[in-house]
Structure formats: C-alpha cells, structure tokens
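I have placed the structure first, in the form of structure tokens, so that the comments after it can refer back to it.
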Amino acid sequence: MELTQPIRENGDPQGHQLTDPDAEVVSLSPRTLLESDRYVCEICNQGFQRDQNLQMHRRRHKVPWKLLKRDKKDEEVRKRVYVCPEPTCLHHDPCHALGDLVGIKKHFRRKHSVHKQWVCERCSKGYAVQSDYKAHLKTCGSRGHSCDCGRVFSRVESFIEHQDTCTIRQPQPTNHRHLQQHTMGLDAPSRTTSTASFGPLLHGLPLLRPPRPSNQHSPAFAYPFNASSAPFESLELQLSIGMARTSAQARHNEKRETSLTKERANEEARKAEETRQEAKRQIEMAEKDFEKAKRIREEAKTELEKAHVVREEAIKRINATMMEITCHSCKQLFQLPVTADESTSSLVMSYVSSATTEGECE
C-alpha cells in the first residue's frame with residue numbers, strides 16, 4: 001500500500017508522497033514516546049534524542065574503527081513511518097503517519113500528554129515540548145499573536161489552529177458594509193454642485209442661475225446633517241465598547257488564573273521545604289544513632305581483645321603447670337576437673353597424654 005506523508009507539526013500545508021512504497025509502519029507505545037532519550041551510547045551509556053547526535057558522539061570515543069563501522073545489513077534498512085497510538089487521532093491512520101521519530105514524539109507530547117515539564121516563570125504557562133517552551137520565552141511579555149478570547153500565542157500555526165476551534169471570536173458587524181456604503185453615499189453628492197438637488201426646496205420660486213464653478217470646494221460641514229447615519233455610529237460605538245469589555249474580562253481572568261497558579265506553586269514550595277527540613281532532621285538523628293552504635297562496637301571490640309588476652313594467659317599457665325607435674329596420681333587428679341570443661345578438654349588432654357608417656361618412659 002502506498003503511504004503519503006501527512007501535514008507536519010510545524011504547519012507545512014504541503015504533504016509529500018513517500019517514494020518508497022514498502023515503508024514500514026511502526027506503532028510505538030505511549031511509554032516509549034514519552035522517553036526523553038531514545039538512543040543510548042553503548043560505551044558511556046549517555047542518551048540522545050536523535051540517531052545523528054549519537055553517531056556524532058561516538059566519534060569522540062577513541063575506539064577502533066571496526067566498532068564504529070556498520071554492516072551492510074544495517075545500511076539497507078527500510079524506511080519507517082510512525083503512527084500515533086491514540087485511536088481517535090488523525091495520525092493513527094497509516095495514511096497520515098509521520099515520517100520522523102522526533103516528530104511523532106513531539107506530536108504525542110503536545111497533543112496527548114498531560115505532564116507539562118517546562119513552566120514559564122513569568123506567566124506560569126506549561127509546555128510539554130522544550131522547543132515550544134523556548135519559542136514562548138522569546139515572545140513572553142509581548143503581544144505576539146493574540147486571539148479575541150484573550151489568549152496569546154507565540155507560534156503562528158498554534159494561533160491558526162486555535163482560531164479554527166475558538167468559539168469566543170469577535171463577530172464581524174453585519175452593518176459595517178452598509179455603513180461604508182452610506183458614508184460613500186454621503187460623500188458622493190458633495191462632489192457635485194448641481195442645483196437640481198435644490199429643486200424641491202425652491203418649488204414655486206423662479207430658478208436661479210447656478211453659481212460659477214470654482215476651484216475651491218465647499219467644506220463638508222456646509223451640507224445639511226443626515227440623521228440616518230446616527231444609528232450606525234451608535235452601533236459602531238456599542239461594538240467597540242463590547243470588544244473592550246471582552247478583552248478586559250479576558251485579561252482579568254488571565255490575571256486571576258496566574259495568581260491562583262502562583263499561590264499553588266508557593267504552597268507546594270512551602271510543603272517541599274517542610275519535607276526537606278523533616279528529612280534533614282531524620283538524617284541527623286540517624287547519624288547520631290550510627291555514631292553511638294559505632295562507639296558501642298569499638299567498646300565491644302576492646303572487651304573481646306581483653307578476653308582473648310586473658311584466655312592466652314590461662315592457656316600458658318596450664319601448659320606451665322602440666323610441665324611441672326611428675327607424679328602419675330597427681331596427673332590423674334588434675335585431669336578430672338579439666339575434663340569437665342568441654343571448651344579446653346581437647347587441648348589439656350593432649351598435654352596430659354604427652355606428659356604421661358614421658359613419665360612411663362623414664
């Protein structure tokens with residue numbers, strides 16, 4: 001099936017037909033589309049959003065060329081197009097798939113993601129795409145592209161897309177064209193000085209000779225005032241007042257939302273500070289407990305060393321006593337209480353048996 005490349009996110013109205021009819025349609029999960037780093041370097045584990053940036057990064061590593069060289073199979077990869085995982089989205093249809101991975105990720109973040117990672121410090125507006133946030137910073141504080149509902153857009157394509165769906169747009173006055181025609185109709189008779197227009201006013205009187213044409217035109221206020229233009233002027237005045245009220249109300253609503261957002265941000269910052277202080281106190285208590293346990297461990301270690309020294313001295317005394325014993329009956333008497341202690345029985349019995357053997361030999 002032959003696929004066509006849809007309208008891009010930057011508002012390009014020209015769709016281009018894919019030259020490769022065997023393009024592979026790829027449908028990524030929302031979790032994959034929300035990942036910030038899609039391509040990871042296998043040497044230093046650094047992530048990149050584009051494959052081109054990863055290839056340029058690999059050149060910085062001083063590794064043999066064989067590791068950077070691609071196989072022929074990798075070069076003959078089919079072209080891929082990406083569809084949106086949302087079933088109700090236009091780009092979910094393969095005929096409207098996007099031909100760039102970065103484009104589909106920006107589209108999903110911009111249209112279907114709720115998490116606004118980048119927030120403007122001046123107006124507290126959040127953006128899910130970093131490029132949109134940077135474009136907003138360039139025009140934040142200026143008028144930019146303002147809609148009749150009070151919203152201001154930094155991108156032309158976003159402003160046009162909003163106007164297609166905005167329901168608070170200012171209605172065009174229907175009598176504006178009639179007002180222009182009426183004004184033109186008032187100006188048209190002023191350019192002529194024919195006396196025919198005064199015929200009904202001079203009924204029953206002899207006609208006067210028309211005055212000689214002169215190069216100077218009479219001023220516009222010399223003609224009689226037409227009362228029919230008054231309703232149009234009042235209508236235009238009412239429309240201007242209505243537009244001013246709508247814009248003022250929109251600005252008031254925007255200021256109120258900004259103040260509420262700032263209050264919520266301050267409350268969250270206060271809670272975060274309290275949590276940080278509590279964590280700091282817990283860390284200090286844990287450090288004190290650790291120092292106490294460390295001191296107790298050192299004391300126990302010292303006591304254990306002293307016990308080892310006492311044990312060594314006792315063993316030395318036992319050995320010296322065994323060497324002094326020469327009577328066989330005394331050895332038997334000394335052997336009875338020693339066997340009661342199971343911890344030193346093996347050591348004492350070895351010395352007793354050796355001493356007994358030496359006495360019998362003598």
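Cβ atoms are placed via backbone N, Cα and C, with glycine included.
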**Q.** Range annotated as zinc finger - as stated in Swiss-Prot, picked from 82-112, 206-236, 330-360
**A.** 82-112
Q.
Labelled zinc finger by Swiss-Prot, one stretch among 16-38, 39-61. Can you tell me which?
A. 39-61
**Q.** Long-range Cβ environment of Cys123 (Zn(2+) 1 binding site), under 8 Å and at least 6 residues apart
**A.** Cys140, Thr258
(Q) I'd like to know which of the binding-site residues His136, His162 has the most other Cβ atoms within 10 Å of its Cβ. (A) His136
Q | Nearest-integer angstrom distance between the alpha carbons (Cα) of Cys166 (Zn(2+) 2 binding site) and His136 (Zn(2+) 1 binding site) | A | 20
Q) Around Cys149 (Zn(2+) 2 binding site), how many other C-beta atoms are within 10 angstroms of its C-beta? A) 16
